[in-house]
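Asks: Sharing the features that TrEMBL gives for it:
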COMPBIAS  1-16  compositional bias 'Basic residues'
REGION    1-57  region 'Disordered'
COMPBIAS  17-30  compositional bias 'Basic and acidic residues'
COMPBIAS  37-57  compositional bias 'Basic and acidic residues'
COMPBIAS  136-192  compositional bias 'Basic and acidic residues'
REGION    136-202  region 'Disordered'
COMPBIAS  193-202  compositional bias 'Polar residues'
DOMAIN    671-732  domain 'Cytochrome b5 heme-binding'
Amino acid sequence: MTAKPHHTRPNRRHGGSSKDEIQNEPDWTKTHNHRIGFRDHNDRHPGYTHVGDEGDTERQREFLALAKKEAEELSTELKHRKLLDVREFMAKQEDYHLRFPENHPKGWRYVLQTNEVFIKYKQDWPINVKRREQEAEEKKKESKQEDDSQLPQKEHEWRRGRGENETHHEAHATDSKDEKNQNDSNKKKDEQQSLQDKYSPQELSLLRLLQAESDLMRTIQENDGNAKSPIEPAKEQDISIDEADQFTPDNWIPRSTNLIRLTGKHPLNCEPELAALFDAGLITPNQLHYIRNHGPVPHLLWETHRIDVGNGKLVLSMDDLQNEFEAINIAVALACDGNRRKELNMIRKSKVSTGALAPLVVHFGKVLSSGFEDDCTRNDGVRRWVHFEGADELSEGKYATSISLAYAMDPDNDVILAYEMNNVPVPPDHGYPVRLLIPGFVGGRCVKWLHRIWASEEENDSHYHIWDNRVLPGFVRDMDSEFAHIMFNHPSTACNEQNLNSIIVKPAHGETMRLSDVNSNQSYRISGIAYDGGGHEVQRVEVSLDGGETWLYCVRKFPEYPVRHGRKFWTWIHWHVDVGLSHLVRAESIVVRCFNVFKNTQPEKPAWNIMGMMNNCWYTVRPEIVHDGESGSITLYFRHPCEPGTGKGGWMQPSTENQIEKIKHEVASPQKQFTREEIEKHKKEDDCWIVINGKVYDATSVLEWHPGGKAPIMAHAGKVHFDTTDEFESIHDDYVVNGN
């Protein structure tokens, strides 16, 4: 029978694949086997060819359930020590990448979750069991033959044997506690005896201190805002109206006599004696708190004062603030960003006066949200700022500043309006009746006498926000050049968060110690303060007696309930270390440094800047041996870098540059000379002469624009005394002295 011919006809009914289908055709050479849903030659369901292709969800669920079941079975078999070979491992470990390639990174490779060592040698195959028994028997025999002296040394024992004993410093004093406690258990006695055999008395003392501090840090509690300040109100006899304020606009303000005036009579800038501040404890009494004013203190009344929030959206009286918002009571450390400026002035005069070194408050976020609902809810990516303005009238306008609105609104930052300080109304010098308080920020951002709050998309452009509280590069040495103008307006030069700092309080400046009284068995407690900004904990403090070659660990002391929101430390700390008196006498210097949560520490040397801000280099006290002329004895005299106030007794001496400038001023020949009688005639506002370093200046034109107002100048008008020179030089640099 003849076969019928086979004819192939073109499929004219099918129009062919579309252009999009052809364009989206997978590159089958680079993908898994095609035909989704059909089993391939491996009897598996292939994965997707395109990301986004919809697979069979029912099959996916079946696959995942099966894979999970197989994994559980494998885990159970391993738990029951069933012997498995490599095929059994592979059968129960699915390749998820084949089914779900879009869930895995490119280049993903299947890896079997076991290895050859486990399969061959770790499972309980008979040969493995026998080998382990033999190894255990041999190890048992070896342990019987070994002597204790032949046991491997621990690293610290090995290093001590080599003389590398760096875990302590010989200067550490021993404590007076009895090394043996009769109530200890036998185990503790054995441990104590072991430590005594291993460590020196100095090391044992340090070991106990470290353990005590470690235990303390584990028991530190959070502050819920309901605590009460332990400080009692100042007695009336402790504060009074100072005679120095008699002819100033502040002649109505009672002030403490314990404060050292730094920059003349007015405006008031003063600080307490360092030892008095330290001895007062971790919560500072109001009468010992530093004061930094830019002008006269405004005479405000609780009953009539108002705070404008949002340009009239909300106007609050003090009673509204007190009664309508939740109040909290927390401890906050506040420090001026000009702290330790006098040290920088010894290098080169800065443009600002010498600087120095806790309240019932209202949650600021609740006040703010009441006036800025629209600003708080926007999510357009635009940065916004909240501005604060005080009621004080200054020569360059009102004191105002700004911070990020987002920062102010974050409840963990505790940005607050304070109307009480240590359980009493905020004193006038500190912002009565209400001030802004931003924990962890420099004092210059905590506006006093607050009367206005508003928000905008621009930073504040007031004089005091731009030309104060900034750190500029050292090459900027004036305030009127193009470089100065750019850098003072540069957002990155503004001081906001406080920086890491530590100071030695004891030995105090001018403290003496007779060498004849020094006993090798005696100890001396070096102590001081430390703080950091941004709510960061000061985690370590160290003291060096040899210029930084070696360091002694110091014990920290925190206030009660120092933590807010689980991690914020708004307070300062006190620290101390006990050293042998014989080591202190031989010390070339006493240096302190501290570390924060980032494990960063203070720089060794100061970095001068034109505003004299944020100096936080190592704080150094230098002992020197002197002869006491009165008693005839040899004494050890301690000098701090700079003497407080206008004193010049610190170990830092004016730099060569400062000395040259001083000589230039002294040798300048005056064109005219005046008698005292003539000078005393010029003591009026329209005819004001002052005498500085023996030179007569007509200051009449200065009265109109002087940043501190007329009062500081008029207090010296027509007078011939050294007070004028002392106050002037504590504030101004050589540019002003030259009559500019």
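The backbone N, Cα and C atoms fix where each Cβ goes, glycine too.
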Asks: When DSSP states are grouped into helix, strand and coil, how many residues of the compositional bias 'Polar residues' (193-202) land in each?
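Replies: DSSP composition of the compositional bias 'Polar residues' (193-202): 8 helix, 0 strand, 2 coil.
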Asks: Across the domain 'Cytochrome b5 heme-binding' (671-732), what are the DSSP residue counts per state (helix, strand, coil)?
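Replies: Residue counts for the domain 'Cytochrome b5 heme-binding' (671-732) by secondary structure: 21 helix, 12 strand, 29 coil.
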Asks: What mean pLDDT does the predicted model reach across the domain 'Cytochrome b5 heme-binding' (671-732)?
Replies: 82
